[in-house]
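Trainee: Per TrEMBL, domain 'Ketopantoate reductase N-terminal' is recorded for 8-154. Positions annotated as domain 'Ketopantoate reductase C-terminal' by TrEMBL: 183-329.
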Amino acid sequence: MTVAKKVSVIGAGAIGAMFGGLIKHHQPETEVVLIARGDHGREMQQRGIVSLRGSWGQRDVPITASSDPAAVAGSDLILFTVKTQDTVATATQFADWIGDAIVVSLQNGINQHLLAPIVREENLLVGMTATNMSIDQPGVVTCNRSGVSVIGPASKRVTGATLDLANRTLAASQLPIEISDRILGAQYNKLLLNTMGYASVLSATDFLREGILDRDWRNQVALPILDEGLRVLAAANRSIERVGGMSDVFRFRRMLRTFNLPGFQVLVRNVLRGPLRLPSLKYSVYQDLMRNRPTEIDYVNGEVVRLANECHIDAPLNAEVVRLVHELESVDDVTFFSRREITERFRTVAGC
Ligand SMILES: NC(=O)C1=CN([C@@H]2O[C@H](COP(=O)(O)OP(=O)(O)OC[C@H]3O[C@@H](n4cnc5c(N)ncnc54)[C@H](OP(=O)(O)O)[C@@H]3O)[C@@H](O)[C@H]2O)C=CC1
Ligand SMILES: CC(C)(CO)C(=O)C(=O)O
């Protein structure tokens, strides 16, 4: 088998519906089942269509949508894209129907230890995606950024043939896919980038277009959070795997530091606002706050805090991001902080 004949997406929200929909669009002979619930799931079920928006305009792709776990039976590949806090409950709910399917988790946070007791070791792949998708309205998903996704085996028992099938199947979406045999390091690379991105959500700041160009925010919030994360991961013996382009955390840090060189700020501002316009990211944490949903903050900045606790060291900046996001989660009508307020708070927490 060169590509999967039946692909199911468990948790076909922003990421999952886009990947599943694009696979179906580019490879109509593949049976694609989108498992979703709520208004979004109902809309896809009623119309039998997922609408995909992106640089291509809008595509209405015929799919099968369901909320019934039995609908995934007989899948060759399952894309697992629920929020991390839903991982165990959802995987348990679907366990009897996963069968021999290859399962690829494309979630933020580190989920392999959560899925390992439920999915066969030789079938479990995990990954990270630097794409950015959002549900604009039920049944309508937008691709804001089509960055690279990296997948890899969660254990040594995964064979090359399994990896190859997963790679070909996901690549049918025509989104860039890479394989890594050090996937945990690639996940931590992405996680550290997100620790800064999620801090930008506190002030509803556009991370790439506003945040990193704001000297104070960059130097008092973004870089210290990243440096703290790097320190904690080193203490916890977690290696970081380099990823291509600006999705590489070390290259990204170098770029942020370069912005501080005399004259660079103005130059960079002009270049990035003109010819090299950066994408506007709608962080999943921002999307969750706007929808009054629990966020994944405990599994991203919270993962840094967890590792710090394990090593008996402090991670006060990441802990502050976790605390403030929970504060925003706790109100119905979310009012974000101002960027200045956040910059001042982090200056205080860092003690400078
Ligand atoms: N959006 C993005 O750009 C990016 C997201 N990611 C990561 O990808 C993962 C998915 O994110 P995203 O697509 O944004 O999340 P979404 O919330 O948009 O999608 C998850 C979907 O799964 C549904 N779901 C959860 N449990 C079940 C269940 N038991 N049965 C049926 N449906 C279920 C949810 O329904 P309900 O809403 O009712 O809970 C939701 O529609 C996350 O880990 C995220 O961090 C990574 C990079 C970018
Ligand atoms: C960085 C981003 C936007 C994906 O590119 C993401 O991971 C998220 O929304 O949580």
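Just so you know, glycine gets a Cβ as well, placed from its N, Cα and C.
Any TrEMBL annotation is an automated prediction that lacks curation.
Give me the lay of the land around each of these features.
Mentor: Taken as a whole, the domain 'Ketopantoate reductase N-terminal' (8-154) shows an average pLDDT of 97 in this prediction.
According to DSSP, the domain 'Ketopantoate reductase C-terminal' (183-329) comprises 100 helix, 0 strand, 47 coil.
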Trainee: Tell me the residue counts in helix, strand and coil for the domain 'Ketopantoate reductase N-terminal' (8-154), as DSSP assigns them.
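Mentor: Counts, helix then strand then coil: 49 helix, 59 strand, 39 coil.
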